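As written in TrEMBL, here are the features:
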REGION    1-34  region 'Disordered'
DOMAIN    103-237  domain 'RNase H type-1'
Amino acid sequence: MVRPVDKSDRKRGRESRQPKLEGASSVTDDRLPSEHCSPLAALVDEVLAGVGYEVAAATDAIDDAVPGDGGLFDPGTNPDELRRALESLLESGLGRPPVPGSTSDAFVLYVYGSSRGNPGPAGAGAVIVDASAREELARLGRPVGSRTGNNTAEYVALELGLSELLARYEPRRLEVRIDSMTVIRDVWGGEDPTEPGVETYSEAVAAALSSVPDHRYTHLADSDPNPADALATVGADIAAFGPG
């Protein structure tokens, strides 16, 4: 079900649009806030932030930095090896992926947050889609916390997607596809947050959406496909890492 919030009569441009900033510099350098994570998970989150939370880019960089055939999720890689690889990456600097151009100022944003155990290891995922070309522009993910509830992860997923969308593009129209009625009632329904401790995320989401003239949501049922789901799972896997 779609709920429009604001309508705009601005003409949609048909020419290919460039990213907000050229190349890698258009990815935000700032690490987004999160809940408590283990030191090892926090290091992975720093690497993710360095590549604009692009999961594939971060995973490839970490796998390359781990000696031998090991990698981020390789059971043969011990925490000390992984920690050293992460620290080496952060010290040497990270090459950020280029930002693909969009064909219009209209976007679809899929978001998903998950927690194992609720509370438990939690992750957030977001996928930015060019609404006109129906092509994925970014696949984002991150750990949220080692013992965090599902609702908090849903807020973080929305903040993640919005922050990277606004860092890369200048959206005029946005459809957010989300399954969390808790977040929907807060962000689009005008209700106060019901989850303790999410006020900071809720305020950040409201501030981000205030810069998008026409934004709306589509509520996804559990049976509806959501490409952000798998990315949130990766984030939860990272959040489950030990001390390191």
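Including glycine, each Cβ sits where the backbone N, Cα and C put it.
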Next item on the list: Please average pLDDT over the domain 'RNase H type-1' (103-237) for the predicted structure.
Entry: 97
Notebook entry, point to check: By DSSP, how many residues in the domain 'RNase H type-1' (103-237) are helix, how many strand, and how many coil?
Noted result: 47 helix, 47 strand, 41 coil
